[in-house]
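For 97-166, the entry in TrEMBL reads domain 'Multidrug resistance protein MdtA-like alpha-helical hairpin'. According to TrEMBL, the domain 'Multidrug resistance protein MdtA-like beta-barrel' annotation covers 202-291. Residues annotated as domain 'Multidrug resistance protein MdtA-like C-terminal permuted SH3' in TrEMBL: 301-359. Per TrEMBL, the feature region 'Disordered' maps to 364-429. Per TrEMBL, the feature compositional bias 'Basic and acidic residues' maps to 415-429.
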Amino acid sequence: MARILLISVALVALCACGGKDKQEKAPPPPPVEILVVREEPVIPRYEFVGRVEATDEYQVRPRVQGYIESRNFKEGDTVEKGQLLFEIDPRPFIAELDNQRATLEQSQASLRVAERNFRRGRRLVATGAISQVQMDELKGTFEETGSQVDANRAKVQSAELDLSYTKIYAPLTGRIGRTGFTVGSLVGPNSDPLTTIVKMDPIYVLFEVPEEQLFAVQMDTQRRQREGLNPTRLDVRIELPDGNYYPSQGKIVFIDNQIDPNTGSVAVRALFSNPDKLLVQGQFARVSIRVFAGNEALRPLVPQSAVMEDMQGRYVFVLGKKNIAEKRYLTLGQREGELWAVTRGIAAGESVIVNGLQRVVADKPVTPQNTPRNPYDVEASPVPPAERADTPSAPQNNAETPVEGKLPVDSGEMSPEKPDYPGAEDDYK
């Protein structure tokens, strides 16, 4: 019995020692993936929401009243300038023209008689065969008949013009819209437009810029002129719904001369070539304007997936000494594809944790390993090749680093709209 008791005590003591060792053994630092931050030139980019507008729009209206005899187009097709669109029944206008021509011939015959009487009267009045009063009557009849001929000739021209209006031609090349009129419909000058033609190449995109940004445009333009700085160059693009850029570069061609009191903004218009008719009047378009000043500012870039947010702002975990995870708050600039430009809070060469963030605790060690994917090798944004080629690699004479918050417009400047994500105000302070 004593032996059994001794064995039990030994087993209990052994289990107690094993549990103590298990409790004292700490878990290993969690594995995470890190990325060494790189610093690259950041070209200021500003975005506005606009609407596509045709450079020319024509409402097809009949100039005479009549019944449509033929329709010579397919709705939605591209029509050429001078193409026959509608034909109105010409028979009433042909009859009217014949009537006016007959009236003209009648008045011309009367004019010939009046002219002969007038010439004969001049000889007779010289011999005293007729009185001067009779001569005056002959002269008045001749002049009156001549005026009647002129009036009838004008009526003939008007009838010819009305007849020509029975054929309605396209005044410009463009895409024709739908029509609510068919063959046999009665139309006239007071009826609704038969259809609409819009010129789609080139095409406008209209967007608005806040008035405080317009003021910054004017002030910065004057400053650059005083200091003899080279004008900035703009790359105006349209971002398509799939995230890619429209292949053709635009040009700002118009800035309105007044501010809309309802919105506090000024209208700006950009012109784009549209040979493939991808841009359609009325559609919304996101206008992206990148500003090249010759010496683009260098900014550290961090992946957006590595950025987190709490009540104090946005932050990342930076790998510190002895593999300690440091919580670092950032001041962020613009987005560059899947990267985010940093204006304050981190420097190039530091390592930021990009994966395994859910296992990271601030001021605790981690087990770092390099991430297999390098976002710096991927294009930061879908910028057209021509734009990348223009990005300066070294400072140029008489050039200036762009000032964030201002956007030049063809030797002028506009500042950007701030993004609408949470905390945007903090990012742009």
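Each Cβ is built from the backbone N, Cα and C atoms, and glycine gets one as well.
All TrEMBL annotations are machine predictions without curation.
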Residue counts (helix, strand, coil, in that order) that DSSP gives for the domain 'Multidrug resistance protein MdtA-like C-terminal permuted SH3' (301-359): 9 helix, 36 strand, 14 coil
DSSP helix/strand/coil residue counts for the domain 'Multidrug resistance protein MdtA-like alpha-helical hairpin' (97-166): 64 helix, 0 strand, 6 coil
Predicted model, mean pLDDT over the domain 'Multidrug resistance protein MdtA-like C-terminal permuted SH3' (301-359): 90
